[in-house]
């Protein structure tokens with residue numbers, strides 16, 4: 001799990017009185033803490049737990065949450081908050097809540113003892129509130145089911161702390177030191193497997209910390225417009241890369257609101273678009289969004305560079321590089337036209353993109369053990385001439401859609417399923433230029449998506465698409481033996497793309513869509529359904 005750098009935080013993020021700061025120590029659930037707090041109407045920002053103290057200067061959090069993590073506090077190189085952090089929190093009057101690893105780190109730092117557990121606790125576990133007047137639990141019931149995930153356990157508390165809950169196995173599950181405003185939970189309240197966890201967070205934020213639920217998407221919009229105006233000089237021009245998806249469209253509309261006609265949008269046909277995507281998207285840009293968009297056909301260049309390339313990371317890097325070449329050329333063309341070279345490039349990078357392209361705290365790496373690089377995060381060349389503007393990089397997809405609604409982006413656009421930056425290159429397994437793979441995939445994908453729309457299922461599904469497999473199998477079509485291609489169908493439900501479940505279609509729908517594909521797409525004689533959740537799989541196949 002990665003986190004936003006301190007440099008990427010909104011300039012006035014600490015100006016309000018109700019900021020919750022999440023220090024990320026590598027848990028796969030850290031992003032969920034950030035989301036849960038925001039769902040309660042409170043601004044939460046996630047930064048690396050090992051960031052230097054100076055990077056937090058100016059922030060005045062009312063609460064700080066120390067996240068979980070995969071490490072042991074005893075391991076060499078285990079991540080820890082910077083020296084002086086607890087004094088910083090005390091000076092801000094902040095309440096500090098340690099979750100799992102965060103609780104153990106807090107205990108060890110303050111002089112308590114953490115040791116390997118005699119009985120490690122993973123998964124569902126009952127805990128019992130043992131203190132009748134616990135600040136953490138308030139009026140919540142005596143017993144609740146929670147999600148445990150720890151090998152070490154607290155065996156001795158620092159001075160002044162009280163045990164307020166224990167697991168049924170006797171391990172310390174919750175602690176507090178009201179006078180110093182230190183609290184700890186050995187389990188994960190942010191996950192759905194802790195049914196009362198959201199209520200515990202709500203009680204902690206509003207009743208214990210006294211925070212008000214006063215954060216709204218309108219605040220985000222106002223802040224971002226102010227940030228863009230301060231970043232981009234009054235005579236400077238900006239290029240925006242439009243993909244036709246929700247993220248880049250909302251980003252473009254936001255920046256257009258900030259700087260007007262000094263924004264120049266470009267839509268690149270890279271040869272990796274969906275069926276009739278260019279025609280459909282350009283029509284919407286012109287008729288509904290009224291954005292000035294230049295369409296550049298660079299498909300031949302992209303596909304030439306991708307010829308013979310099978311490694312998915314290499315494909316992403318090539319696509320990222322070629323996009324920047326196109327943008328640089330577009331910037332040069334604009335310079336000839338307006339007499340000034342654009343300095344900035346807008347991209348619709350989201351928080352999950354940043355997370356999946358960042359190194360986990362405590363990994364000792366300056367680069368991520370990457371799940372996948374995103375061309376708008378991990379695939380940009382180091383010598384890129386344009387400076388990036390990423391107004392959405394602290395937001396999740398559902399938050400971007402809310403922002404787009406405020407900006408009057410058409411609902412039909414806001415409800416579009418996500419589409420990856422590298423396009424169909426990550427949906428053709430292997431060489432995208434081999435045979436007629438792209439054309440076959442476009443036809444299959446169009447049939448699948450249209451069937452979903454016709455069945456009234458489109459809005460129930462987070463993302464649906466087809467995948468072209470480098471596999472041929474024997475079949476029988478028209479009473480003749482065939483040796484044709486296999487395609488896979490994938491549809492998922494999700495809140496933010498960080499975790500996902502596969503969508504369970506009814507059998508008649510699948511029977512109908514498979515029949516349509518095999519009858520109408522020449523060269524396909526077998527269709528398979530991907531029923532893997534994330535994790536262990538990712539959303540895309542590459």
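Numbers here mean position along the shown chain, with the first residue as 1.
Every residue, even glycine, has its Cβ placed from backbone N, Cα and C.
Automatic prediction, not curation, is the source of TrEMBL annotations.
Copied over from TrEMBL:
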type    : residues                          : note
BINDING : 243, 244, 245, 246, 247, 248, 249 : ATP binding site
DOMAIN  : 215-416                           : domain 'GMPS ATP-PPase'
Do any residues at least six apart in sequence from residue 243 (ATP binding site), in the same chain, have a Cβ closer than 8 Å to its Cβ, and if so which, in order?
267, 348, 419, 421
Within 10 Å of the Cβ of residue 244 (ATP binding site), how many other Cβ atoms can you find? Include all protein chains, please.
19
Which is it, of 248, 249: the one of these binding-site residues whose Cβ has the most other Cβ atoms within 10 Å?
249
Near-site residues: ATP, ref 243, 244, 245, 246, 247, 248, 249, CB cutoff 8 A to centroid:
242, 250, 251, 348, 416, 419
Using Cβ atoms only, which residues of the same chain lie under 8 Å from residue 246 (ATP binding site) while being at least 6 residues apart in sequence?
348, 397, 400, 401, 404, 413, 414, 416, 418
Within the chain of residue 247 (ATP binding site), which residues six or more apart in sequence place their C-beta under 8 angstroms from its C-beta?
348, 349, 350, 392, 397, 400, 418
With every protein chain in view, what's the tally of Cβ atoms within 10 Å of the Cβ of residue 245 (ATP binding site), excluding that atom itself?
18
Can you work out the mean pLDDT of the predicted model over the domain 'GMPS ATP-PPase' (215-416)?
83
